[in-house]
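Q: This is the structure I have questions about; it appears just below.
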Amino acid sequence: MENLTNNSDKFNDKSFVEVMSNFKVSGMACFLLTLSIVAVVGNSLVFHTVRVTSRLHSPPFYLILSVALADILVGVFVIPVSIVYLVFFEMSGIWVMGEAVCDVWVLANFWFSGASILSLCAITRDRYLAVTSPLQYLRRMRSSHTAFQIVICWLASLVSALITIHGLKTSPRRRLCEVEGLTACYTLFNFVCLYVFPVTGILFVNSTIWSAAARHSRSIHSIEENVSHNSMDTESSTSGRSRRLKMQIKSFRTFLIMIGCYLVAWTPFSVLLLLQTFLDIPGGLLYFTVVLTYMNSASNCLIYGIFNNDFRKALITSIKLDHCK
């Protein structure tokens, strides 16, 4: 990450007051602080709501907690360090927190983002089974199976992040504390493993889910019309399947919005990180894409509350119960 103007000499030896009197710097610092607070508080509410609401104790919401955990960690560690970096870089033009903190911070950036995208992959798989094979889904998707998926997501993203950090530390072009020193080999590895493969899989599977849901909906509608004159038991059974499918589709739409926001937030950064190996990318442009990724961590909790009826009702209920206590 670079300073906002890509010219560190211009900002050397400025006092904290001088730097914060610059509206561009102070405004960005306040904006990042707001993102950090929203990410931590909002996603903590997600955890609390799922914990106290028994009907949300299900695989898709456990996987949502994996995404929420990544967002909380971004808000607790990644964004605050980014704020300190922004201010002190504008003051002195250098990273002031040492190489160890730099390595941990960059590792956290790649680890948490990787865990987030792989958790979205797990959510996509979960929704695929729920819509295309509902009976098989009910038999197979237990809490232990979901927990195993979450562990795999976090371990795989950690391994990928460690490989990226190794690439940075061994790169002769590295500048502390920036990701622009990555060689083409490591940049391509990161781009393919944490963007191309997951995103391609997510888009392909979700298109399949949408087609399957549409087929099931048409099939159930046809059955409802054929049995409308038959017994109440048959009609009730068909109506029950119709309601379950509608619930699955509504839940699926929420996840589609999450995935769409992720793509909007992470595509610019992933593409520019790849291109900077071959081209000279303006520091301000790259910094803007980094801020977009932080915005994604703050937006997910808002998506749950706005677009998922079950979660919204559970959140309101949990707040009322806490208030009564």
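Numbers run from 1 along the shown chain.
Heads up, the Cβ atoms here are built off N, Cα and C, so glycines get one too.
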Q: According to TrEMBL, transmembrane segment applies to one of these ranges: 108-125, 126-143. Which one is it?
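A: Going through 108-125, 126-143 one by one, TrEMBL flags 108-125 as transmembrane segment.
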Q: Quick check for me: are there 3+ Cβ pairs below 8 Å between the transmembrane segment (25-50) and the transmembrane segment (285-307), leaving out pairs under 6 residues apart?
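A: Checked: the transmembrane segment (25-50) vs the transmembrane segment (285-307), in contact.
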Q: Thinking of Cβ pairs under 8 Å, which stretch from 62-88, 108-125, 146-168, 254-279 has the most of them with the transmembrane segment (188-213)?
A: 108-125
Q: Report, as numbers and ranges, every residue of the chain located at least six residues beyond the transmembrane segment (62-88) whose Cβ falls under 8 Å of a Cβ in that stretch; write 'none' if there are none.
A: 1, 3-4, 16, 19-20, 25, 28-29, 32-33, 35-40, 42-44, 46-47, 50, 94-97, 101, 105, 108-109, 112-113, 115-116, 119-120, 122-123, 126, 143, 146-147, 149-150, 153-154, 177, 258, 290, 294, 297-298, 300-301, 304
Q: For the domain 'G-protein coupled receptors family 1 profile' (42-304), provide the mean pLDDT of the predicted model.
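A: Averaged over the domain 'G-protein coupled receptors family 1 profile' (42-304), the predicted model reaches a pLDDT of 83.
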